[in-house]
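So the structure is just underneath, and the comments pick up after that.
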Amino acid sequence: LSGLSSHPELQHLLFFTFCLIYTTAIIGNLLIFIVTVHPTLRMPMYFFLRVLSFLDISTASIVVPKMLVNFLSEDRSISYMGCATQLYCVIFLGATECYILAAMAYDRYMAICNPLRYAIIMNSRVCHSLVLLSCCSGNIVSVVQTAWVFTLPFCGPKKINYFFCDIPPLIMLSCTDTSSYEKQIITGTVLVIFTPFCLILVSYACIISSILKISPAEGRHKTFSTCSSHLTVVTLYYASGTLIYLRPKSSNSQDTKKVLALIYTTVIPTLNPLIYSLRNKEVKAVLTKIIAE
């Protein structure tokens with residue numbers, strides 16, 4: 001693994017920077033996980049937020065520790081099975097998070113557009129079923145994509161110009177025509193990113209329509225503020241994933257793809273706790289109560 005930079009003088013600075021980012025991501029998501037278990041936050045929204053925090057911790061932990069070791073080590077090798085395992089986990093967690101974000105949008109749609117039936121429709125069984133369906137879908141996508149990548153013939157230098165094992169840098173090492181495989185990646189990207197993204201757009205179109213019918217401007221602002229955090233995360237996550245996987249062998253430089261990959265593997269897991277806690281009065285109230293105790 002070539003890592004983020006080939007400049008030796010930057011390795012220690014990068015190590016301390018990403019060590020701080022990783023620590024912040026772990027602590028922040030653990031706090032969200034602990035806070036949302038509180039009895040006053042038993043709503044489906046906080047259940048999905050807890051699942052999202054678990055996925056963020058897992059994604060960061062799959063990528064960042066190995067990256068940190070490589071900053072300080074001359075031996076940046078990764079085993080064949082280790083690379084396959086890392087690729088499987090990254091795709092599984094990423095795809096599952098895409099579906100969870102869509103489930104969260106559906107939850108907000110039901111809460112705002114169907115408030116009287118919300119508690120009946122979004123019961124515990126439905127919430128757990130949505131999470132299970134997301135995980136199963138993510139697993140299928142990951143197994144298929146990982147199997148396809150590792151059936152390609154690799155030749156030449158065994159140097160992956162990336163900081164973790166991912167689809168774009170791996171297919172660059174293949175010594176065969178990968179055009180048919182790239183079409184399969186595009187199909188997977190449509191299923192994993194565009195399908196849930198379209199569902200999110202439909203959900204928010206209905207939500208905005210309902211919000212505009214609320215008479216007081218204050219009421220509209222309060223209702224939309226509950227969705228703005230989710231929209232922020234969705235925009236960052238889906239945009240970075242689309243730019244990387246929709247055109248895996250595009251003219252974009254590997255450095256650009258590294259930056260985009262950093263967004264969904266390290267930046268978003270760090271920002272999620274800040275976005276959801278700073279913009280949510282209920283989370284802040286429970287967190288303050290826990291600290292006070």
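Quick reminder: no glycine exception, Cβ is built from N, Cα and C everywhere.
Per TrEMBL, the feature transmembrane segment maps to 12-35, 47-65, 85-106, 126-150, 185-212, 224-247, 259-278. The domain 'G-protein coupled receptors family 1 profile' feature in TrEMBL is assigned to 28-276.
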Within-chain partners of the transmembrane segment (47-65) [C-beta distance under 8 Å, separation at least 6 from its ends]: 18, 21-22, 25-26, 29-30, 32-33, 36-37, 86, 89-90, 93-94, 96-97, 100-101, 103-104, 107, 127, 130-131, 163-164, 264-266, 268-270, 272-273, 276
Long-range neighbours of the transmembrane segment (85-106), counting only residues six or more past its ends (CB under 8 A): 45, 48-49, 51-52, 55-56, 58-59, 62-63, 66, 78, 130-131, 133-135, 137-139, 141-143, 145-146, 149, 164-167, 170, 192-193, 196-197, 199-200, 203-204, 230, 233-234, 237-238, 241, 264-265
